[in-house]
Amino acid sequence: MAKPVVAIVGRPNVGKSTVFNRIAGQRVSIVDDAPGVTRDRIYTSAEWLGHEFNLIDTGGIDIVDQPFVVQIKEQAEIAIEEADVIVFVTSVREGITDADENVARLLYRSDKPVVLAVNKVDNQELRQDIYDYYALGFDEPIGISGVHGIGVGDLLDEIIKHFPTDIEPEDETRIRFSLIGRPNVGKSSLVNAILGENRVIVSDIAGTTRDAIDTRFAAANGTEFNMIDTAGLRKRGKAYENAEKYSVLRAMSAIDRSDVVLVVLNAEEGIREQDKKIAGYAHEAGRGIIIVVNKWDTLKKDNHSLNNFEQAIRANFAYLDYAPIVFVSAKSKQRLNQIPGMIEHVSENQSRRITSSTLNDVLLDAIATNPTPSSNGKRLRIYYATQVAVKPPTFIVFVNDPDMMHFSYERFLENQLRNAFEFSGTPIHIIVRRRK
Ligand SMILES: Nc1nc2c(ncn2[C@@H]2O[C@H](COP(=O)(O)OP(=O)(O)OP(=O)(O)O)[C@@H](O)[C@H]2O)c(=O)[nH]1
Ligand SMILES: Nc1nc2c(ncn2[C@@H]2O[C@H](COP(=O)(O)OP(=O)(O)OP(=O)(O)O)[C@@H](O)[C@H]2O)c(=O)[nH]1
């Protein structure tokens, strides 16, 4: 965790999203069954030569109703704030433009390392033009072609050279969590209310390099937590709250640093499309998840209100069927005292290890009650399973033919594991492998 952040900046049309996709493309997500998660990403995790990092395409963040010069400026500032390394993309086709020079000037003001990429160098003849780009005032320009994938490896080599070596050590003893959600669902109110109910630990550990603010506190039972807050939105003010991509970016960086994520919904407004997107990101990241329905005080309730809301959540967030739900009010403090215990419980489940013998007993029982699928006279055979990771719990199941493991059977196995072991609040990954 606390992976380095790389941000891509540059004027429009130089190929930022092409380069982003090229770098991100290698990665195959283990879980991709979260509906509602947009594929037009501006934030992704990536890896090069064993270095994991997060990648942001600032070109995808449009601050609505702003002229293009302002947009570029804002994007560059976000990059400067968020990133450990900035990739400044230009295009060899148009030469250096005024807009490129503007971006360069903005980047001079930052002390973050800048790697200059000259894109659209699709052939050998164009290579000689890249030396012109020294004029922008950065180190050696790197010629690449996002479309053809040329030079991207060299670019990545250069990027990882600038990764900080003194990445803050994450605190292993405290449970890290964050609250994410649409604007106005009551995140800040909940943060304050939760802190008000618990003992805040004053510490002299310097703030983190980025924009995140951690608050450490201890619950009544003594368990210590680290609440991760991303101050960006508050700092930037109201205009940004409506920039959906920007709020997604904030959520992503919070998710990235958390063990457990509280997905906050607003009871007053019900479930919106953006709630699903935000929750989808937390699910994909494999974090522990608790669904917190805030502003419960605002509803006129009867005996069915809670059940009805719960059903709506289950219908809209089918992939989060493992996440517990709690109905709270930051205003009246209703049920807020349950939250620390829930976080602790989910965190334990995320780190739960099952011995291979227990695991295989459960699998044998599962197969006995519901035989494995067969086709063309051949039956799927499950030989053995073993847990290979925690956070989230990850199991490898060895079989005769992975293609015969249908989604529905895998789902059945997951449910059997959930019935046998306490995994509430945590996703489970099942990896199916052919036994050699
Ligand atoms: N010839 C060539 N064209 C490229 C290359 N990379 C991107 N392009 C093209 O350049 C255009 C702009 O690419 P994008 O990736 O959308 O550029 P962008 O910088 O993200 O643009 P904005 O979203 O407007 O900021 C597209 O038509 C791409 O196909 C390249 O390596 N060679
Ligand atoms: N009735 C009621 N109002 C609440 C509750 N929690 C928050 N509010 C109100 O909802 C509004 C938004 O609350 P915030 O805490 O600022 O919401 P937020 O999610 O942090 O918003 P952003 O900072 O814009 O992302 C404020 O006017 C709060 O007073 C609640 O439990 N009940």
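For all residues, glycine too, the Cβ spot is worked out from N, Cα and C.
Taken straight from TrEMBL:
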type: BINDING; residues: 10-17, 57-61, 119-122; note: GTP 1 binding site
type: BINDING; residues: 181-188, 229-233, 294-297; note: GTP 2 binding site
type: DOMAIN; residues: 4-167; note: domain 'EngA-type G'
type: DOMAIN; residues: 175-351; note: domain 'EngA-type G'
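Where TrEMBL records a feature, it is marked here on the structure.
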residue: G10; record: GTP 1 binding site; Cβ neighbours (10 Å): 28
residue: N13; record: GTP 1 binding site; Cβ neighbours (10 Å): 12
residue: K16; record: GTP 1 binding site; Cβ neighbours (10 Å): 26
residue: T58; record: GTP 1 binding site; Cβ neighbours (10 Å): 28
residue: I61; record: GTP 1 binding site; Cβ neighbours (10 Å): 21
residue: V121; record: GTP 1 binding site; Cβ neighbours (10 Å): 25
residue: G181; record: GTP 2 binding site; Cβ neighbours (10 Å): 24
residue: N184; record: GTP 2 binding site; Cβ neighbours (10 Å): 13
residue: K187; record: GTP 2 binding site; Cβ neighbours (10 Å): 24
residue: W296; record: GTP 2 binding site; Cβ neighbours (10 Å): 23
Using a 6 Å cut-off on Cβ distance, which of the binding-site residues G10, N13, T58, I61, W296 come close to any atom of ligand 2? none
Which whole-number value in Å describes the distance between the Cα atoms of V121 (GTP 1 binding site) and W296 (GTP 2 binding site)? 57
Does any of N13, K16, V121, G181, K187, W296 have a Cβ within less than 6 Å of an atom of ligand 1? These are the binding-site residues; tell me which, or none. N13, K16
Note the mean pLDDT of the domain 'EngA-type G' (175-351), expressed as a whole number. 84
Cα-Cα separation of T58 (GTP 1 binding site) and N184 (GTP 2 binding site), in Å? 24
Any idea what the Cα distance is from N13 (GTP 1 binding site) over to G181 (GTP 2 binding site), rounded to a whole Å? 31
Between the Cα atoms of N184 (GTP 2 binding site) and I61 (GTP 1 binding site), find the distance and write it as a whole number of Å. 20
